[in-house]
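Trainee: Taken from TrEMBL, the feature transmembrane segment applies to 21-42, 70-93, 114-136, 142-164, 230-247, 267-285, 297-316, 373-396.
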Amino acid sequence: MSKRGAGGELNPKTKDFEWGGPIGGGLMSLSLPFVVLILNTLCSSTSCSMDQLPNIVSLVVEQVQEALPLVPYALGIEVAWLVFHSLFYLAPIGQRVSGLVLRNGKSLSYNMNAIHAFVFCHVVALALEVVGVIQLSSLADLFVPLMLGAIIISYAMSVALYLASYRSNSVLLAVGGNSGNPFYDFWIGRELNPRLGALDLKFMCELRPGLIGWSLLNWSFVAKAHQSGVLTPAIVIVALFESWYVADGLLIEEGNLTMMDIVYDGFGFMLCFGDLAWVPFIYTLKCKFLAYHPQHLPVSYLALCVAMHIVGYTVFRGANSDKDRFRKNPKDPRVAHLKVMKTSAGKSLIISGYWGICRHPNYVGDWFMTTSWSALTGTDFLFPYFQSVYFAILLIHRQLRDEHQMQIKYGEEDWKRFCGEVRYRLIPYIY
């Protein structure tokens, strides 16, 4: 059954703005690349402190000028990387599943082989390193040109996607990306599911080039540390845990089909830049820092960080698994014991177990893991903790967006009743 907008419109006009509306969307489309450049300039191979902030403009310009001769080469690598993942997505490997029913009554099919791509890329990279065909540390040496290339590709792809969304009146647009304001719609993304044949561009970019690239870049910094004779347990643990995190998400690829990014947001600059530039060149700050500024941490401190990661992962995976199993089969013995609240629409909401403690336990576990990775950089430097701070802000914002959508989906009365059953949003007795 299709779910059209008010008045039966397939693509109703966007009336409620997020992210600060057109001004906020426009500013973020222009400023976020500079955030990536500034952070990677302040935390570089030579130093990692705020002392350089007064000279940041000249330092960024200098870094860009030094990298420019290698940008065409880096662009070639990244275009090949995107083509590879596009072809791998289309390969007859893994399951083919159907997504949620869309507003037009249709359901798109998706190839589930991201974990195969992850394993293939890491095995090939390791094999080429072992036989001496390439040095994995060369990616670390190309970090800035690759970063600039990713920013260029993000802008180019976002412009192409925005223009392509006007090709036909039958194109299914994102509910939040059809305001008519070009700055806002460019940021959010107009088209919900842009495709080239069977290739779903948003779903492919969401899970493959950036996430797998993040993991490989981490290992390039591990190789760089080993090459420089400054390999420490901390950098290896960070790389292992973050690769584990990526692999875990790709292993249950089908579960991502219900994420807000996939079912609600269009594919605009927000997701395009986030997937291709922000994730691989911000989330690698920790391993980059440890490769050039090694930290010799006590075993007890390392053990505490490992324990924090395990606790976070247990909550994160346990909560997500309960939700996915219940969605597929409420009678599954692993979730049949959970208490639920029936809504007037006939849906059931879990109100016990992880989901009875707070409304978004998976977000809490996610933040615990992210903070444990940052903690592995020690306590003397601020910049490696950027991901942890950013993640806290992101998850609170996402929680607010989620709850707004849930209130629309289930109705104000049922949502108030649910909030009475599960009082805390993220942290019991605090928030």
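The backbone N, Cα and C atoms fix where each Cβ goes, and this holds for glycine too.
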Trainee: At an 8 Å Cβ cut-off, counting only pairs 6 or more apart in sequence, do the transmembrane segment (70-93) and the transmembrane segment (267-285) clear the bar of 3 or more pairs?
Mentor: no
Trainee: For the transmembrane segment (21-42), could you work out the same-chain residues 6 or more beyond its ends whose Cβ comes under 8 Å from its Cβ atoms?
Mentor: 48-50, 52-53, 56, 59-60, 63-64, 143-144, 147, 151, 154, 158, 179, 181, 183-184, 186-188, 269-270, 273, 277-278, 281-282, 285, 288, 383, 386
Trainee: Would the transmembrane segment (142-164) count as touching the transmembrane segment (267-285), if touching means at least three Cβ pairs under 8 Å and pairs must be 6 or more apart in sequence?
Mentor: yes
Trainee: Compare 230-247, 267-285, 297-316, 373-396 by their Cβ pairs under 8 Å to the transmembrane segment (114-136) and return the stretch that comes out on top.
Mentor: 230-247
